[in-house]
Amino acid sequence: MQLFKSLPASHSHVGSAPQPPVGGLSRSAASPRRVTRRDAAGCATTTQNSGPGHAFFHAWAPTRTQERLPSAKAIRDTQKASRNSRSGPDADVAPQKRASRTPPRRTKRTQQQQQQQRTSGSVSSLSPPPPQDAPSRLGAPVHVGQELELECVRLALEGKGVCLLPPTGFVVLVERTLPGELVRAEVVSVKRGYAEARKLASLSPHRNAVPPPCPYFGPCGGCTLQSLQYEAQLQEKRNQVEQTLRRVGRLGPSLDQLAADSATCRRDHDDGGEGGSRAGGGVAATVGCQEPFAYRNKMMFHFSTKRWLPPDMIEERPCLGLLRPGTADVVLPVVQHGCKLQGSEANALLARVEELVLERGLLPHNHPSGKGTLKHVVIRSGSGALLPAGSAAPLAAPELLIGFGVTHGSALKQLKPVAEALGREFPHLVGVVAQAVAPSQPFSRGTAAVPPARLQRGSRDRGALQGDGPRKAAAGNPQPPPSADSGDALGGEDGDGGDGAGAGPVTLLYGTPYIHDIVGGLTFRISPGSFFQTNSRQAEVLYDIVRRAAALRPGAVDTVLDLYCGTGSIGLSLAADCRRVVGVEVADAAVEDARSNASLNGIENATFVCADVDTIQRNLLAATLEPQAATTENASAAAAAAAEAATATATLAVVPAPDVVIVDPARGGLSLDAAAFLSRSGARRVVYVSCNVATQARDLDRLCNGSGAPFRLVSVQPVDMFPHTDHVEVVAVLERRELQMTTATAAATTTATASATGAPAAAVTATSGAVGSVM
């Protein structure tokens, strides 16, 4: 039998009990064979295997052979640092010019720093320092290959542990390391301002440790914080948000002012007033999730011919599961126990899909041979639509939707019997769809797992860092890598896929091509390619926070512009409190769903436009230009100018001057055009919802810092939409600076008018209640 060998619960990122095996697609036995493994010291050992079903799940203890595949940049940095560390007169020779043979001079300060590093009690170097005649060009106190004993102080983006090297506090990032944990790590890359290291061994457990309940914890790489108490997870996520806003967004003064205002508010409201929820540092305490497991309403699983048995065994055998971190064609089979983040019915459906495709002879796509057609399967779940009160069953029934990704349209005919069989066995399965997508390209060791992600939110991709990124990666907050999959529309919504490049149309194999979900009393229709929050229960909490952050005026007098609206869930949740809602989204399917959702809920003051958010700013500028293109000598330029003016007029007819703007972009954040539009829109308040605080910090820097910045930061509220992972949703509220002066002027005018006329100040205020509405 297979075993999952685990370490005690006190060890980080390791399960607490032996677990059964991870099943694959093939049920046939294989002949005994010998398997070469490596022990904790990295030495090769040979064991006798009685077949593929008798592999051992060794503990995810840190060894050199169990680490993620390094990126191409990491390999280049390693080679470069190795050249810099080479001793001898020819250690560093440029292609054009040979470096000086005279060794660099050792200053007294350099000698003191090296001596302090070797004798420090908090961190010990287990390997010799680099040669003194070839110091690092980056000036870092560590070199590639050096082994250190480090203590994690906090978490950075991607869930990496931040370790500070005394006495200078030089940052070393270590994967799979949690606060308070003492580890032995090896430096793998040195960059300007920080270094990255891989964990070799855990010397003492982290703080607030708990045994992870998932048998796949560690190798899976998804729930990196599962061995950390949930309350501690919330605190670490709040700290991540604050650190990123201060370092990347340069928002330290703004956050300090918010913290001071919050302290004053707490003194004035001892009964738990408005400022009681702020945790200090200007960022509010993270809002937790009541149900931290089985919360995802959408997950993607991949087919592959490469079955991974951790730590380092890969079998050529068809399987279905989750991609191994850092790869695009190696899969960890998770069908036997399912995923703890999705519901039990979805896990049962996943296991049955595996069995049926095996029975039908459908095979995973293999890129080298070109054989096989199955790429992935996406399972979406919803609470169902509310039925009329007079119906026999007025309560909503759960709904499930399956989407297959195939590399060739010929597989659609073979999948139809599978879809029909699934429909007969699972009453809650309302639809099965399929789509021909571009096959994933295999990547050699040391390369990125996927091609560069797209900039636009057409896919609503929330799993890959896009956009132009911060001006400089802050130490301790490196930028996350791209998502592990791209090129399909079925899964390209929230980190499960790309933007649909190279994807064919969605084909219905069974039932209906959409499901329904209920959030905040509203029913939403969700198509396979539409964006929707993956945590429906927590989405209701998020939308309530957005509604309060918008600060809509009484009487439903405000116009709300919802950019990157997806299926319209945020805008529709605000429709009852405003005069008009206009949503803008680039994905056609999402816009159709948004319009259907408005009709389904009887909302008549919501309009949804299929448009690129980035073009709104250009259209606004075109509408302000004088009509002088007709006098130009170039007729084609005149025609182009006329067409652009027509487009601008059409856009302005639909997109009004807003009072409040809601933005919920993809992980790439706002483009320069979108940020410029916010500055010129005249909106008095902007509510910025983000799943990537790094790009949000970059955008807030553009909008709030500098003498001519149009907005000031009002509040920052993290929301835990993805428990046990390092991801966090952040709601930042911006208020236009001119509004403060206008409000102060209006208050002074009201007081003066009341004194002159003898009328109550409230009556005078009522006659001028539109102050700031057109700004």
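Heads up, the Cβ atoms here are built off N, Cα and C, so glycines get one too.
Keep in mind the model is a prediction, meaning the values are calculated, not measured.
If you look up TrEMBL, you'll see 98-109 marked as compositional bias 'Basic residues'.
The feature compositional bias 'Low complexity' is assigned by TrEMBL to 110-126.
Here the Cβ of Gln533 (S-adenosyl-L-methionine binding site) has 27 other Cβ atoms within 10 Å, regardless of which shown protein chain they belong to. Among the features that TrEMBL reports, S-adenosyl-L-methionine binding site is placed at Gln533, Tyr564, Glu585, Asp664.
As annotated by TrEMBL, active site, nucleophile applies to Cys691.
Marked as active site by TrEMBL: Cys691.
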Whole-number Å distance separating the Cα atoms of Asp664 (S-adenosyl-L-methionine binding site) and Cys691 (active site, nucleophile) is 8
In all the protein chains shown, the tally of other Cβ atoms within 10 Å of the Cβ of Cys691 (active site, nucleophile) is 22
Spacing of the two Cα atoms, Tyr564 (S-adenosyl-L-methionine binding site) and Cys691 (active site, nucleophile), in whole angstrom, works out to 13
Pairwise CA distances across Gln533, Tyr564, Glu585, Asp664 (listed as binding S-adenosyl-L-methionine) top out, in Å, at 15
Students should find that the Cβ of Glu585 (S-adenosyl-L-methionine binding site) has, within 10 Å, a number of other Cβ atoms equal to 30
Expressed in Å to no decimal places, the gap between the Cα atoms of Gln533 (S-adenosyl-L-methionine binding site) and Cys691 (active site, nucleophile) is 11
